[in-house]
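Residues or ranges marked as domain 'Smr' by TrEMBL: 615-697. The repeat 'PPR' annotation in TrEMBL covers 221-255, 256-290, 291-325, 326-360, 361-395, 396-430, 432-466, 467-501.
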Amino acid sequence: MATVLSTSIDVCFNPQYSDTKKHSLFLKPSSLRQSRTRKLNISCSSTKQPKTLEEEPITKTPSLSEQLKPLSATTLRQEEQTHNVLSKPKSVWVNPTRPKRSVLSLQRQKRSAYSYNPQIKDLRAFAQKLNSSGFAEKSEFLALLDEIPHPPDRDNALLVLNSLREWQKTHMFFDWVKAKNLFPMETIFYNVAMKSLRFGRQFQLIEEMALEMVKDGVELDNITYSTIITCAKRCNLYDKAIEWFERMYKTGLMPDEVTYSAILDVYSKSGKVEEVLSLYERAVATGWKPDAIAFSVLGKMFGEAGDYDGIRYVLQEMKSMDVKPNVVVYNTLLEAMGRAGKPGLARSLFNEMLEAGLTPNEKTLTALVKIYGKARWAKDALQLWEEMKAKKWPMDFILYNTLLNMCADIGLEEEAERLFDDMKESGGCKPDSFSYTAMLNIYGSGGKAEKAMKLFEEMLGAGVQVNVMGCTCLVQCLGKAKRIDDLVSVFETSIQRGVKPDDRLCGCLLSVMALCESSEDAGKVMGCLERANPKLVTFVKLIVDEKTEFETVKEEFKLVINGTQVEARRPFCNCLIDICRGKKQQERAHELLYLGTLFGLYPGLHNKTVKEWSLDVRSLSVGAAETALEEWMRTLANIVRRQEDLPELFLAQTGTGTHRFSQGLANSFASHLEQLAAPFKPSDRAGVFVATKEDLVSWLESKFPPLVASQA
């Protein structure tokens, strides 16, 4: 007797947990959408003759997949068809008042059927002749065009036009064909000519051709608009790019991925963040799928603004659209992470890049080293360098020099020497001028004058060009070591090698003058400064003369500062104050500090709150800081004399240098406080000195008599 056996299997699938490797950077509230669990009920029945236990052979139990295999062609297919029929179709919004936009396919121009043309060989040889020919005037080139081996019909003219390399020749050949008027000029001719002009950044000619197309009724297609917009972007004519994009949009043409990426970059470089996001959302709504280049533009825009939330948004969008970042996108996002000050997230992103199977290039590694150096992550940077060597990742001059500069900023002398030696041994990355400058900076900061001079001689022997930064580092090092003769020799050699002194080098010479103990050494340094900046030497002679009136100093100081670069103005003033203090002209030093404050060179020098007043001398030299302290004490003495209100706490901030070789202002400032017997004591915070109101007022009464009763 037959028995009916039925089987029922429930299969559940939850797509939300199908991918377990989701990076933490991509988690966002949008990823917590409620997912639907689909349940399929599969049943079958069969008729079999029952068997006794003795008759049943011992066989292997089939797996579940083997049991379901006969059903895959029937039951599941029927279930899928039923599900598709019952599911709600995706809605599409239609505007009845406007026609549907024309979306151009990837094949944006019709191609004629292939047919062998025996004239191609002759025409290509003729185009090669045009490319290799040189001509002084337009008439010579036009005369050469008359030698074309075959009549310039549509196909022949297009082949020659597309084979020309120089934009000038392309433009003249295009005009020559148009003047022949042998056939109507189609869009493809204009597009080929425009692309050649784009390489030459000839936007004006491209725009004239586009307007000519509009006038003659020639259709502008997607390639035409894309070429116009990208050329305007390359020429930094962002307004023109936006103008032609809006014109394209009004015609009903749908921009392609190239045009969208280009115009997004234009809006980004114009600083129009809201327009970028609006355009991006509008493009996605029309069915455009952004590529890696578009996301690179968005990442760069948010990175330059330091917008970390924007960077996360880019990462989430790429994940949701299943766009896998390439090396260029990762480079852009790493640079963005650096600007946003997120070294930890940059490291995570780099590890994700490696897990994706991508190999970093020189730009990737350079961006990561800069991030580590800025965050002072020396250990991570050196581990990265070891990993570079072990995995033989590509390294270029920029990457090597970035590593050397990082070592110079942090003060890693031994590591820099090993890196420099490795650079010498490498075949393709010999040390250049910037490499030697970084090493000179390291030796100069560490006071290693002998090593610095030896490296300078090696640099000259290798024929490496000396730059002004390297000269400045070496002059500063020799000045601190009191090796004035070597300093003069280095300066003379650098000038002979073509170095042009800048304000930073002049400021360095000023600081060395302030350190000179003998008038003879000061005269040698002043001779170098005379060649670099004669007006500055004249002003130095003016301020050391006790007979010079304050008004004269004020006017000349204004002229000198106005003729100096902004970043060098405060160092100039600091050095001038140091020179005056070295000449025992304390009052002149106070006058210069007053003038520096008057002209805005020392913003934030004094800070006041209800509970405390502070003096911030972190941007001052030793002499300028001592002068500022003395001036502050004079001001406080006058306040006490007038019996005005004072806070309970007074602070003096010198800061602590993060550089390993930083001389630090704190030690010199503390010594000066001891000489004055001032009641400022070091606090728990490094580089901060504290005094109470009671102690300070008592000291002021004894230091600046006669004072009225204090307000303690």
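FYI, residue positions are counted from 1 along the chain as it appears here.
Yeah, the Cβs are placed from backbone N, Cα and C, and that goes for glycine too.
TrEMBL labels come from automatic prediction, so no person has curated them.
Given the structure is predicted, the values throughout are model-derived calculations rather than measurements.
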Contacting positions for the repeat 'PPR' (326-360) when only residues 6+ beyond its ends and CB under 8 Å are counted: 23-25, 292-293, 295-296, 299-300, 302-304, 306-308, 311, 314-315, 318, 367-368, 370-372, 374-375, 377, 380, 393
Positions whose Cβ lies under 8 angstroms from the repeat 'PPR' (256-290), at least six residues beyond its ends: 101, 103-104, 108, 222, 225-226, 229-230, 232-233, 238, 241-242, 245, 248, 297-298, 300-301, 305, 317, 321, 323
The domain 'Smr' (615-697), counted residue by residue under DSSP: helix, strand, coil: 36 helix, 14 strand, 33 coil
Positions whose Cβ lies under 8 angstroms from the repeat 'PPR' (467-501), at least six residues beyond its ends: 433-434, 436-437, 440-441, 443-444, 447-449, 452-453, 456, 459-460, 508-509, 511-512, 515-517, 521, 524-525, 527-528, 531-533
Residue distribution over DSSP helix, strand and coil in the repeat 'PPR' (432-466): 26 helix, 0 strand, 9 coil
Composition by DSSP (helix, strand, coil) of residues within the repeat 'PPR' (361-395): 27 helix, 0 strand, 8 coil
